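Engineer: Before anything else, here's the structure in question.
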Amino acid sequence: SKLAALFEHPLYNIPVPEVTEKDKLFIINPMEKFSLHSSGSDEWVSSSKAETLLPTGKTAYDTYPTWLKFHIGINRYELYPRRDPLLPMLLRDLATQRIVSSGTTSLPVPLFTPLPCCLLPASLIPSLLSVQKSGGTQLKLIMTFPNYGQALFKPMKQTRDQETPIDFFYFSDFERHNAEIAAFHLDRILDFRRIPPVSGRLVNITKEIRDITTDKKLAKTFFISPAGNVCFYGECSYYCSTEHALCGKPDRLEGSMAALLPDKTLAKRRSWRSPWRRSYHKSKKAEWELNPNYCAQVRETPPYDRGHRLLDLIDMTILDFLMGNMDRHHYETFEKFGNDTFLLHLDNGRGFGTHSRDEPSILAPLQQCCSIKKSTYLRLQLLATQPYRLSDVLREALAADPLAPILAEPHLRALDRRLGKVLVAVGHCLAR
């Protein structure tokens, strides 16, 4: 296994700083049991099989569902550890757990037993809600599982071998479910670990969306196509119409299931506008496209004037260039950790749209600032060598996904080509 050998390499064993209590997103009492109050709804308690959440003979922490352990494990330095034993279980849950709800009408739900002051509050359990996610240009659904875990479902919109048409603007491109899956694994291989876990899943549109939805607006968009397939289109800004309907075969539909981060009422996140944001205009250019010395003013602007924020943004730039993602207008951080923390790499569905051409402008922050983390540079050099070739380790990682193969071979080969271009760009900076 090249992937196992890669993760054993010394560059993937650099220790993170010691995690103190103030560096944890949540502080919990490990002896506190994950117990439930009945909502008074026998139907819900019965369908949720709530009693399975309190197995006898186990320690209190072991009674927590995997998604909650994932949330508890988030700290200032990483979204999840390199050797996280929870990761395979969480990916399996995303791929296999029963979907119990799809709709926008809040249902009565059991809550956590109230915990002592300053521990996880009862509201950590989200409202039992599987909804069409509001906002955004394309259809996304929030799915809820029996153990109250939730996932963001992005349905399949195009096949693996389709490329984004050359005349498409980046802001009108499709969001691809397989790009979300591949981005998670690529982010982990680069040792960033800033994308929440994502798994592929084959969903039954009839049983797992249409028949259980409480969302009246969504329910009105289902229909049977002339070919006899179950279709729906939901509501969104761009691709939500009969002409852009999502259709099953006859009712089976691929999609990506991404673990949701803790609710913002519990763990506030701050959204930051990227300094290298594109203009999102058909003819106007952004300032960074016109000013080759643009990085100098970024370096004088908080939070890029101190710490590792600019270097973290350049990490994200490299990830986006490798994927071909031009749609990185914002990024987020957990507010609790201030400016001294990692960036969340969310919304990666517009990556992996083209393999036959590269977009050099994505690398502008690296080229204009001529800065990169030494650890990132060394890992990129390692991934360009034969024992750990980037395309090989990503292919291996993606092979375990339920929807494998995730990427067409030309996309994997493009990764090696683009990695070479990143190393050339760093070489030019070193020469200067």
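Note: Cβ is positioned from N, Cα and C throughout, glycine not excepted.
According to TrEMBL, the record shows the following:
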| type | residues | note |
| --- | --- | --- |
| BINDING | Q138, K154, E175, A258, A259, L260, L261, E332, D347 | ATP binding site |
| BINDING | E175, D347 | Mn(2+) binding site |
| DOMAIN | 222-431 | domain 'FAM20 C-terminal' |
| ACT_SITE | D327 | active site |
Engineer: Would you measure the largest Cα separation among Q138, K154, E175, A258, A259, L260, L261, E332, D347 for the ATP site and round it to whole Å?
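Structural biologist: Per the listed residues, the maximum Cα distance equals 20 Å.
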Engineer: Out of E175, D327, D347, which of the recorded positions has the smallest number of neighbouring Cβ atoms within 10 Å?
Structural biologist: D327
Engineer: When you tally the Cβ atoms that lie within 10 Å of each candidate's Cβ, which of the binding-site residues (A259, L261) has the highest tally?
Structural biologist: A259
Engineer: Around Q138 (ATP binding site), how many other C-beta atoms are within 10 angstroms of its C-beta?
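Structural biologist: Excluding its own Cβ, Q138 (ATP binding site) sees 21 Cβ atoms within 10 Å.
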Engineer: Near the residue listed as 'active site' in space, meaning Cα within 10 angstroms, which of the binding-site residues do we find among Q138, L261, D347?
Structural biologist: D347
